[in-house]
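**Student:** Sharing a structure here in structure tokens format.
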Amino acid sequence: MAPTATQDPVAVAVPASKAAKHGYVHPTDMLPSGWPTATDLSGGAQPRRFEGTIFDVMVRGTIPKELYGTFYRIMPDYAEAPTYYKGGELNAPIDGDGTVAAFRFKDGKVDYRQRFVETDRFKVERRARKSMYGLYRNPYTHHPCVRQTVDSTANTNVVMHAGRFLAMKENGNAYELDPHTLQTLGYNPFKLPSKTMTAHPKQCSVTGNLVGFGYEAKGLATKDVYYFEVDPSGKVVHELWLEAPWCAFIHDCALTPNYLVLMLWPFEANLDRMKAGGHHWAYDYDKPITWITIPRGAKSKDQVKCWYWKNGMPIHTASGFEDDQGRIIIDSSLVHGNAFPFFPPDSAEQRQKQQSDGTPKAQFVRWTIDPRNDSNERLPDPEVILDTPSEFPQIDNRFMGVEYSSAFINVFVPDRSDGNKNVFQGLNGLAHYRRKQGTTEWYYAGDNCLIQEPVFSPRSADAPEGDGFVLAIVDRLDLNRSEVVIIDTRDFTTAIAAVQLPFAIRSGIHGQWIPGQVTPDFDSRGLIDLPKQQHWAPPSQSAFDPNM
């Protein structure tokens with residue numbers, strides 16, 4: 001007899017090795033799957049692969065009328081089972097096809113659209129109905145017929161510049177999307193000569209330029225770096241070619257009025273390793289964190305300087321600025337070791353060190369670089385701002401590149417977190433750090449919840465810095481669904497509204513709040529077209545008779 005709502009569920013006997021943590025496995029879960037485990041950075045292993053729309057998403061609380069724009073998130077999610085190379089057992093969590101989630105806020109309502117970025121890689125595999133690509137950034141593990149295609153999945157970040165909405169991943173150039181339908185429109189819209197473009201370009205609040213770089217800019221495992229600035233009209237106005245000290249993983253950067261500062265992680269790409277079927281990247285405990293300072297508008301690579309610190313990973317920056325002494329100040333997350341254990345070291349000795357060290361310590365810190373000093377100088381130890389695992393810091397982007405006060409940071413909430421987890425797998429809250437006041441407020445997402453990178457929307461165009469709303473996706477692990485929480489920065493500890501999706505979406509890597517004012521045709525177009533004011537049935541077919 002099937003259990004009623006008041007009865008305990010009927011237990012199904014399964015081998016202990018296959019039992020889920022809650023002790024019950026549904027019979028269909030015992031059937032073989034063509035999908036390998038495909039984890040994201042948060043540790044989730046379930047592909048979602050959803051494309052579609054939701055009109056007027058269900059909301060708890062009240063959406064502030066001041067929210068006028070779109071909250072975009074981009075996520076890695078495999079459109080096809082990633083089994084081509086070794087059954088997918090070596091797949092990296094940062095790989096997977098880019099899929100964009102868009103929450104459109106207007107007049108206190110929210111519509112939702114989700115769609116894959118139709119990259120060349122996506123189109124190849126969609127036509128084939130199977131996986132054709134192997135390891136992350138290793139074409140030697142791809143099917144021979146696709147090795148000369150651009151294998152970027154455009155899954156890392158989005159930005160709006162010069163009226164163009166871009167989806168980006170650092171192993172290729174950007175794809176352009178329609179900001180309303182999310183249809184893919186083209187590749188490399190600014191015609192950059194580099195083979196690659198960072199997923200973390202910065203929009204200068206002073207000049208309006210999009211400032212960025214590409215690394216491995218002339219091909220696999222090359223040390224070539226390309227610096228560029230694109231003005232608000234879409235024209236490249238500054239560019240410079242330079243070389244990194246080694247072929248390093250250069251994910252994020254910091255911007256000041258006079259410098260672009262690159263952060264080199266201690267990984268190294270090696271062509272021989274790739275040809276042998278190994279990973280693009282290997283962590284190296286003998287290499288230091290390295291910073292490259294590029295004077296904005298520089299005409300010669302001789303103007304570029306390098307700086308070093310200990311081993312570790314400054315993963316993402318909040319922002320950068322210059323103090324009254326001309327020193328560069330950068331606030332960033334910092335992991336004291338390898339935060340990407342899926343790219344282990346080459347040597348057995350270093351692999352043993354990674355294993356024995358366990359989960360590396362993570363913090364939010366402040367770096368100081370004096371660009372007047374000689375190149376190749378070791379930096380002083382950074383100042384610790386938050387001594388708790390911290391990642392994905394964001395600011396009020398109206399102050400990008402200049403001195404700022406407020407930072408919004410993904411954190412492990414003190415006393416409510418498991419500090420033994422990888423920094424990406426225990427982020428259960430947000431911190432509002434007020435630099436000038438020296439204070440920190442905490443928002444806790446709730447039990448059995450993880451929270452993703454925040455974004456900030458100012459209360460008005462002329463609102464004081466940090467006065468507005470923070471939005472972030474909360475993964476409700478207990479309910480297997482996702483929701484956007486909205487926090488008023490005037491009372492940071494409590495959400496004022498939650499936009500509740502009826503399902504879970506993948507853990508995103510990055511996202512942006514794009515105001516309606518800078519989105520082309522924002523008022524005339526929506527994420528979802530409204531039905532035409534034309535009825536299929538004439539009034540005579542209605543059951544209502546106005547004469548009765």
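The count begins at 1 with the first shown residue.
Note that Cβ sites are derived from N, Cα and C of the backbone, with glycine treated the same way.
Note that the structure is a prediction, hence the values are computed from the model and not measured.
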**Student:** From the candidates H142, H143, H316, give the one listed by Swiss-Prot for the same Fe cation site as H200, H251, H510.
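**Tutor:** Record source Swiss-Prot; matching candidate: H316.
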**Student:** Just checking: which of Y136, K169, E391 have a Cα that is within 10 Å of the Cα of H316 (Fe cation binding site), counting only these binding-site residues?
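**Tutor:** E391, listed in sequence order.
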**Student:** Where H251 (Fe cation binding site) and E391 (trans-resveratrol binding site) are concerned, what is their Cα separation in Å, rounded?
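**Tutor:** Each residue's Cα considered, H251 (Fe cation binding site) and E391 (trans-resveratrol binding site) end up 14 Å apart.
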**Student:** Which residues, same chain and not among H200, H251, H316, H510, have a CB within 8 angstroms of the centroid of the CB atoms at the recorded Fe cation site?
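**Tutor:** Going along the sequence, the neighbours come out as T156, N157, A199, D252, I315, T317, I509.
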**Student:** Indicate whether H316 (Fe cation binding site) is helix, strand or coil by DSSP.
**Tutor:** coil
